[in-house]
Structures are given as structure tokens and as C-alpha cells.
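The Mg(2+) binding site annotation in TrEMBL covers ASN8, GLU411. Residues annotated as ATP binding site in TrEMBL: LYS15, HIS213, ILE214, GLY215, SER216, GLY217. What TrEMBL lists as substrate binding site is ARG97. Look at TrEMBL and you will find ASP153 tagged as active site, proton donor/acceptor. Annotation source TrEMBL lists site 'Transition state stabilizer' at HIS185, ARG246.
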Amino acid sequence: MSLVLAVNAGSSSLKISLFRRTADNAANPALLLSSSTSSIFAPPAKFKFSFVAPQHRSLNEVVDSIHDHASAFRHFLDRLKEEASIDPIDIKHIAHRVVHGGDYISPVIISEESYHHIKRLSDLAPLHNGSALSVIESAIKALPHAKSIAFFDSAFHKDLPIHVATYAINQQVAQERGLKKYGFHGLSYAFILQAVAAHLNKAPDTVNIIALHIGSGASMCAIRNGQSIDTSMGLTPLSGLPGATRAGDIDGSLIFHYTSRSPARMSHDPSISKEVKVTEAEDILNFKSGWKALTGTADFKEITEKADMGTLSDATDPNTLAFRIMLDRILHFAGAYHLALHGDVDALVFAGGVGERSAELRRAVGEAAACLGFAVIDETKNGQVNDEEGIIVDIGSGDGRKRMLVCHTDEQLEMARECSLANEFWV
Ligand SMILES: Nc1ncnc2c1ncn2[C@@H]1O[C@H](COP(=O)(O)OP(=O)(O)O)[C@@H](O)[C@H]1O
Ligand SMILES: CC(=O)OP(=O)(O)O
Ligand SMILES: [Mg+2]
């Protein structure tokens, strides 16, 4: 038997799925089980294990011993051993989501060289690459016979137009140091593109969409003819939209006025992995900002429940303000991407933990986007979106040419598919 374990280390979560691959189903490996650990840095962490085959069953627990991605992965392996009748020797491949690939634009097998390449980039994705590496190390120790392969979020954006990817700074310095827009959430955007193309019955390279991946990390992407032509994250996953603990776009000078100490001093916050070297400035903007700084919680559901939708245009209380800021920044990029696509847009697509679950955020975006010719959101459909409804749910009322869609994105399945289809990994 040939199994692929796909591991997705997000900034607040660890999502893992196990697939069976056969020559017949290479493009669509069969899901056997999945697991997700959420609230990793807002303890206690919540762990979920769902078996799909041979029978449906799930297990939910609150686990005090999980305090980072490596301990979440160890907990998953323990449960796998205890609960699933899987022989670990059958796991031939472990696909790891790595957010920043730098100039790696295709998946790579983990070797001394690729490991160090990813490690060098940790400072450019302080919430991600270090966590992914800690999981890669645990995986190699626990399953030494399996091939570990890194799949990069940044790869989907490799063909960004040069004027989009280039910052207006000294170009010699930019080139020497690789200072350009990379963009992230690419595995999710690749999945969304395929899913929307299938839903619309179009070839992926003819699809134009504005995609929103809104989770603890939030970004947007303009996709023209199946290619990323702009995205809101940049050199690092900090820029663009605010996130749970990330500031999003700010005036670069702000940081010098924010901290009385030198922003370039190294941060010694014990909650940040020692693997990752971050300055005070990066610590503040990546770990101590975002909705959590505005409201005290990283949970967007709680913010939405407390926000007063009636006073959105004049938000003063912290939850309403946080919701309004998110909406404002999303509309900013939606307008820009609509122009970048010359108004020729098949759909606006919501994905990610917030995008898939917050009917309120979708409603607010939809109300504003209707003026661009997007379908008016059908409130019954919008309120009923749930994970069981299939990969794509059309929440539009059907009266607009441009669709309003929700996509249950699946970065693990995207990696398993890419892994399964790439012959070089199977030799
Ligand atoms: N019902 C909900 N409404 C709004 N937001 C939600 C809801 N459920 C979960 N979320 C948000 O989704 C976020 C997790 O998104 P996800 O994409 O899974 O995270 P990650 O960025 O770690 O991959 C949580 O931080 C929480 O704020
Ligand atoms: C790139 C990024 O922010 O990822 P996530 O949303 O999984 O934290
Ligand atoms: Mg994620």
C-alpha cells in the first residue's frame, strides 16, 4: 500500500491528512483520515481526528500538552498509532507545506541542502518556516523510511508580473538580497483555481478570479487565465490584510515611532521559537498586532459575535472596529484586483477558516461588491454554508454574471495530488 501523509503547518494550526495513492487515482488520492489542531498558541489546543475510511468516526479533545507545532505533530502520531489500523511503513511520502520557498519554485525532497535553504528563509516567514522545520524533523525521526517533500506556498506566484513583484527601492540591493514580492497561500490558491474551474466547467487556464484566503493569516489573489497576477502578501506573509496577530500593511516608518527601543534589536520573547531570529519590529508586527491586538482575542468568530453590524460605518468599540478594518482592507484589494482583471472576473471566492465560516464577513463584502456586477448574496445559501456541502458553494442569488463562491480549500489534498502526480517522487 502506498500512503501520502500531507502536513500543513499554519500560523495557528496544524492540519494533517492521510491519503491512499494508487496508479488509478493519482490525480485524486483517496482520503483515509484527517486531523486538525487549532489554537496552538492560544492554549489549550483543540485536537480533532476524523476517520473517513473504512468507517466514519471522529475524536475531539482538548490537549494541554500541545504548545507548538512539533508537540501537535507528536500528539497526532500517538493517536495514529493508538486509533488507526495503519502500518506506518506504508507511509511512503510526507508532503509538508512550507510557506516561504524563496527562489525554490517547485517542490523539493528534503535533503541537507534544501533543509538549510528553508532554514535560511525562516526569518522571512517567522510564524511559519521554523514551525514547518520542527515538524519535518519530527517526521524524519518518527518515519525515517518515508520521503519528506516540501511544497511551497510562494511557488504559485512565481510568474507575478515584474512591476507587481518589484518594490520601488534600490534595485541592486533588492537583487542582492532577494527583496521582492513572493506572495503566499499558494497551495490554497492552486486548489481554489482547480475547484472553481471544475465548478464553472472551464479550463483552469481560462479562469479569472479574485480569491480571498482569510484565516489566521489572510491574503487575496488576483488570478488571470489561471495565473497569479497580484497578491496582497509580499516579501513576507506580513503585508496586505491584517491577520490574527499580524498588522498587515502599515506605513514603514510607523515602527520607528511605535517602539522606544531600537526596532532592529533582537526580540527575546520566550514564546517565539528559538529557531527563528526576529527583531523587535518583526515581533511587534507579526506576533503582537492584528485582531488580537485590537480586541484581545485571535478568534474572529468571537469578534464577529460581539461586533455591532448596525454601527459598522461608525465603528468605535474594539470588535466592531476590528471587523470594519478587515472589511475595509478586503474591499481595498477587491477593487484593485477588479481593475487588474479589467472587470473580466468569473467569481469572487471566499476560503480559509474565516472566509469559509463567517457568513457576516461574506455578507458585508458582498453588499459592497454588488456595485461591480457581482451576484447579490442569497442570505439563505450564505447562512447554510457548511463543510458537508461539497468543495464549492455558490452563495449568489443567480442574478449577476460574476459569481460569489465559497471554496472549502484543502492545502493537504493539493499537496497529495501534486505529490502523487509527480513521477520524480516515485522513483
Ligand atoms: N465560525 C467562525 N467565524 C469566523 N471565524 C472563524 C470561525 N471559525 C474559525 N474562525 C477563524 O478561523 C481562524 C483559523 O483559520 P485557518 O485558516 O484554519 O487558520 P491558519 O491560518 O492557522 O491556517 C481562527 O483563528 C478563527 O479566528
Ligand atoms: C501564509 C500564511 O499566513 O499562512 P496561514 O494562514 O496558514 O498562517
Ligand atoms: Mg492556513
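For all residues, glycine too, the Cβ spot is worked out from N, Cα and C.
TrEMBL feature annotations superimposed on the structure.
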{"residue": "ASN8", "record": "Mg(2+) binding site", "contacts (Cβ under 8 Å, 6+ apart)": "LEU14, LYS15, ILE16, ARG97, LEU187, GLU411, GLN412, MET415"}
{"residue": "ASP153", "record": "active site, proton donor/acceptor", "contacts (Cβ under 8 Å, 6+ apart)": "ARG97, VAL98, VAL99, HIS100, GLY101, PHE184, HIS185, GLY186, LEU187, SER188"}
{"residue": "HIS213", "record": "ATP binding site", "contacts (Cβ under 8 Å, 6+ apart)": "HIS185, SER188, TYR189, ILE192, SER219, MET220, CYS221, ALA351, GLY352, GLY355, THR409"}
{"residue": "ILE214", "record": "ATP binding site", "contacts (Cβ under 8 Å, 6+ apart)": "LEU241, MET326, ILE330, PHE350, ALA351, GLY352, GLY353, VAL354, GLY355, SER358, LEU361"}
{"residue": "GLY215", "record": "ATP binding site", "contacts (Cβ under 8 Å, 6+ apart)": "GLY10, SER11, SER12, SER13, GLY243, GLY352, GLY353, VAL354, GLY355"}
{"residue": "SER216", "record": "ATP binding site", "contacts (Cβ under 8 Å, 6+ apart)": "GLY10, SER11, SER12, SER13, GLY243, ALA244, THR245, ALA298, GLY353"}
{"residue": "ARG246", "record": "site 'Transition state stabilizer'", "contacts (Cβ under 8 Å, 6+ apart)": "LEU127, GLY217, PRO237, LEU238, LEU285, ASN286, SER289, GLY290"}
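Listed in sequence order, the residues GLY10, SER11, SER12, HIS185, SER188, ALA218, GLY243, GLY352, GLY353, VAL354 complete the 8 Å Cβ shell around the ATP site centroid, once LYS15, HIS213, ILE214, GLY215, SER216, GLY217 themselves are left out. The recorded positions near ligand 2, defined by a Cβ under 6 Å from one of its atoms, are HIS185, GLY215, SER216, chosen from ASN8, HIS185, HIS213, GLY215, SER216, GLU411.
Checked against ligand 3, the recorded positions ARG97, ASP153, HIS185, HIS213, ILE214, ARG246 give no residue with a Cβ less than 6 Å away from one of its atoms. Among the recorded positions ASN8, LYS15, ARG97, HIS185, not one has its Cβ under 6 Å from an atom of ligand 1. Following the DSSP three-state reduction, the secondary structure of ILE214 (ATP binding site) is strand. Just so you know, the Cβ of ARG97 (substrate binding site) picks up 24 other Cβ atoms within 10 Å once every protein chain is counted. With the fewest other Cβ atoms inside 10 Å of its Cβ, the least crowded of the recorded positions LYS15, HIS185, GLY217, GLU411 in this structure is LYS15.
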